[in-house]
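Asker: Before we start, here is the structure in question, set down as structure tokens.
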Ligand SMILES: [Zn+2]
């Protein structure tokens, strides 16, 4: 018998959902399934290194699936130097564990590029909630960067839809983030946009995940 189709939700703030990576914000939160853990740029302060140390106690937990969300927010976060240092420390942690980064990215494309150059061999990075133009991902295609889509495509955001259409399928993921959407709705919308069956997208996304992570998802 064929098991129910797995629609991987790469980033959600709703806990206890099967086939979803729950974005955990502290080392002590709990979810039944897999999760990501990291320092969000909005909440970075001078204390970030000790918080990161505390998070690292979870390193061997097989349900720790990704580091994040972390990254850059030059509109809302603290000064650039702190954001860069915290992001690079988390790149190292992800690299050590062989799992990807879930990246938050607002107005920090130039700093991301600098970090990537500087890091040389970065771990895979999933840019979550991607809404950029195709020109912003073109400049990143030489790096192991992936793009996750959700609410914006469901709201028919034109630029985001154009980016989804232009990206190779090997680079895409889907998510619900903090929206009220279900992951089924996101996959259905993507299936309409890309004119591909949901089953094909579901398999593709799991394959993409297993390609970038040592902590695998079984179909
Ligand atoms: Zn989020």
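Glycine is treated like the rest: Cβ placed from N, Cα and C.
Values in this document were obtained by computation on a predicted structure and should not be read as measured data.
The divalent metal cation 1 binding site feature in TrEMBL is assigned to 69, 177. TrEMBL lists 104, 128 with the feature divalent metal cation 2 binding site.
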Asker: Around the C-beta of residue 69 (divalent metal cation 1 binding site), how many further C-beta atoms are within 10 angstroms, looking at every protein chain?
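Answerer: Summing over all protein chains shown, residue 69 (divalent metal cation 1 binding site) has 26 other Cβ atoms within 10 Å.
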Asker: Sorry to bug you, but what's the C-alpha spacing from residue 69 (divalent metal cation 1 binding site) to residue 128 (divalent metal cation 2 binding site), rounded to the closest Å?
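Answerer: That separation, Cα to Cα, works out to 8 Å.
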Asker: Which residues in the same chain, at least 6 apart in sequence, have a Cβ under 8 Å from the Cβ of residue 177 (divalent metal cation 1 binding site)?
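Answerer: Listed in sequence order: 11, 12, 13, 128, 129, 150, 151.
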Asker: So if I measure Cβ to Cβ from residue 104 (divalent metal cation 2 binding site) and keep only same-chain residues at least 6 apart in sequence, which ones fall under 8 Å?
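Answerer: Once residues fewer than 6 apart are set aside, residue 104 (divalent metal cation 2 binding site) is near 40, 41, 68, 69, 70, 71, 72, 73, 128, 129.
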Asker: For residue 128 (divalent metal cation 2 binding site), just give me the three-state DSSP call.
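Answerer: Residue 128 (divalent metal cation 2 binding site) sits in coil per DSSP, no helix or strand.
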Asker: With every protein chain in view, what's the tally of Cβ atoms within 10 Å of the Cβ of residue 128 (divalent metal cation 2 binding site), excluding that atom itself?
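Answerer: So the Cβ neighbour count for residue 128 (divalent metal cation 2 binding site) comes to 27.
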